[in-house]
Amino acid sequence: MNYFPIFANLAGRPVLVVGGGSVAARKISLLLDAGAQVRVVANQLNAELSALAAENKILWLAEEFRAEHIRTVFLIIAASSDQALNRRVFQLAESCQKPVNVVDDRDYCSFIFPSIINRNPIQIAVSSSGSAPVLARLLREKLEALLPHSLGDMAEISGRWRDAVKAKLKSVTERRRFWEKQFNGRFAALVKNQQTAQAEQELAKQLEQNYQGGFVSLVGAGPGDAGLLTLKGLQEIQQADVVLYDALVSDGILSLVRRDAERIFVGKRARGDRTPQEDTNALMVRLAREGRRVVRLKGGDPFVFGRGGEELETLARHQIPFSVVPGITAAVGATAYAGIPLTHRDYAQSAVFVTGHRKADAPDIEWQTLARSRQTLVIYMGALKAALIAERLQQHGRSPDTPAAVISQGTLPAQKTATGTLANLAELAETAPNPALIVIGEVVGLHEKLAWFGENGEGENRVGQAYPALGGLNAGQRAA
């Protein structure tokens with residue numbers, strides 16, 4: 001972090017600006033908006049600043065800059081056209097340990113100005129630490145388009161209601177949960193539509209009826225890449241009091257969890273320690289009964305070999321309210337990143353997902369169905385049984401020459417895709433790090449041509465990177 005982001009209270013504080021031209025005027029406009037008492041040292045002022053001086057909105061010191069000018073001010077901005085003067089201002093300010101900014105000269109600044117999105121009292125600052133000001137400006141423009149102007153009104157109304165909410169809801173957790181609900185509900189919609197009176201009535205109603213019970217949200221984290229987490233999933237993990245996560249949730253996803261939320265690992269791996277499912281179920285119920293907002297965060301999609309159905313049955317049995325946020329399952333995400341289409345008009349008219357890890361008393365797999373040609377077979381948690389899988393498929397008619405792949409660490413920077421055939425599937429799986437996904441079918445043969453991501457991305461049709469910069473800052477921009 002090159003610069004520490006901080007918001008300064010300038011209301012009523014003296015600020016010195018050296019320079020009387022258009023550059024100085026732009027900074028002075030911001031300072032006046034913040035309530036600063038602006039002193040301008042310059043021999044001449046442009047028309048805009050002259051008008052401000054005539055209206056007594058700024059104090060004009062029509063003289064040469066002197067060291068005495070900086071001694072009684074809070075911060076200093078050098079914005080003259082004289083580079084030598086600007087640098088002298090910097091040196092004197094530094095010697096007095098006063099914050100100083102020389103406009104457009106980063107080496108002579110103890111602080112810099114960010115790009116600002118103003119939804120007063122909500123303010124958002126964007127900075128590239130002076131490295132790429134145009135990029136920071138483009139980001140600001142993108143955020144300006146995304147953020148409704150009603151945010152400021154929403155914040156002002158909320159400020160008026162803070163004391164009432166605090167009196168009604170005693171704990172910080174209760175108050176946070178209440179406001180999260182309002183900012184994502186009907187109150188926010190009313191404010192956006194300029195219906196202020198109705199919005200305040202809605203707040204009063206919600207405060208009176210505020211539900212204090214717990215809640216569980218079953219959230220699919222996707223296959224690993226944090227960029228594949230859904231927007232709804234992100235909202236849920238940033239509103240959680242506690243997150244129960246498994247071993248397939250990547251560090252990138254966990255870094256998005258609200259910082260003060262409790263995180264509890266409840267994962268399991270085929271070769272390692274495991275948290276019994278019954279313990280996880282009981283923990284969800286207990287935490288919800290304590291009135292906490294719980295997120296059960298599961299790799300991939302919670303309803304695709306994630307035992308999500310079993311967990312919801314437990315919650316329903318104990319009358320715990322819940323919701324489900326789907327995620328991108330590994331079979332979809334990992335194969336896409338490996339350049340292996342699950343279906344293709346020339347090679348596969350169907351795709352079948354199956355688990356390689358079954359309950360001990362589960363009925364036998366229908367191998368005849370899985371061995372059909374012109375379909376893609378994706379096997380979760382099958383690496384340890386790869387030899388048996390290959391043997392059974394061949395026994396039921398699948399050719400030993402059928403292309404096969406083992407994808408490890410799918411969608412993550414460490415992703416590896418090992419390809420071969422059904423005949424040597426066991427060898428491919430033996431050296432593959434977990435978590436690994438097995439893909440069998442003619443579509444695997446397209447990997448070499450379509451691979452685009454990571455160290456395997458050497459296909460002849462590779463077109464750049466996973467994400468064009470910022471998704472294309474300009475509408476319609478695509479990878480070249």
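Note that Cβ sites are derived from N, Cα and C of the backbone, with glycine treated the same way.
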In Swiss-Prot, S-adenosyl-L-methionine binding by P223, G299, G300, D301, V304, T329, A330, M381 extends, among G252, G397, G410, to G410
For D246 (active site, proton acceptor), the same-chain residues 6+ apart in sequence with C-beta under 8 angstroms from its C-beta are F265, V266, G267, K268, L297, K298, G299
The largest Cα to Cα distance in Å among the residues P223, G299, G300, D301, V304, T329, A330, M381, G410, listed in the record as binding S-adenosyl-L-methionine, is 16
Around the recorded S-adenosyl-L-methionine site (P223, G299, G300, D301, V304, T329, A330, M381, G410), other residues with Cβ within 8 Å of the Cβ centre, ordered by sequence, are G222, L248, F305, G306, G327, I328, A331, V332, G333, A334, Y380, L437
Neighbour count check, CB within 10 A, over recorded positions N43, S128; minimum at N43
Near NAD(+): residues not in S22, V23, N43, Q44 with Cβ within 8 Å of the site Cβ centroid are G19, G20, G21, A24, A25, A42, L45, N46, L49, S80, S81
Quick note, Q44 (NAD(+) binding site) and G300 (S-adenosyl-L-methionine binding site): C-alpha atoms separated, nearest Å, by 65
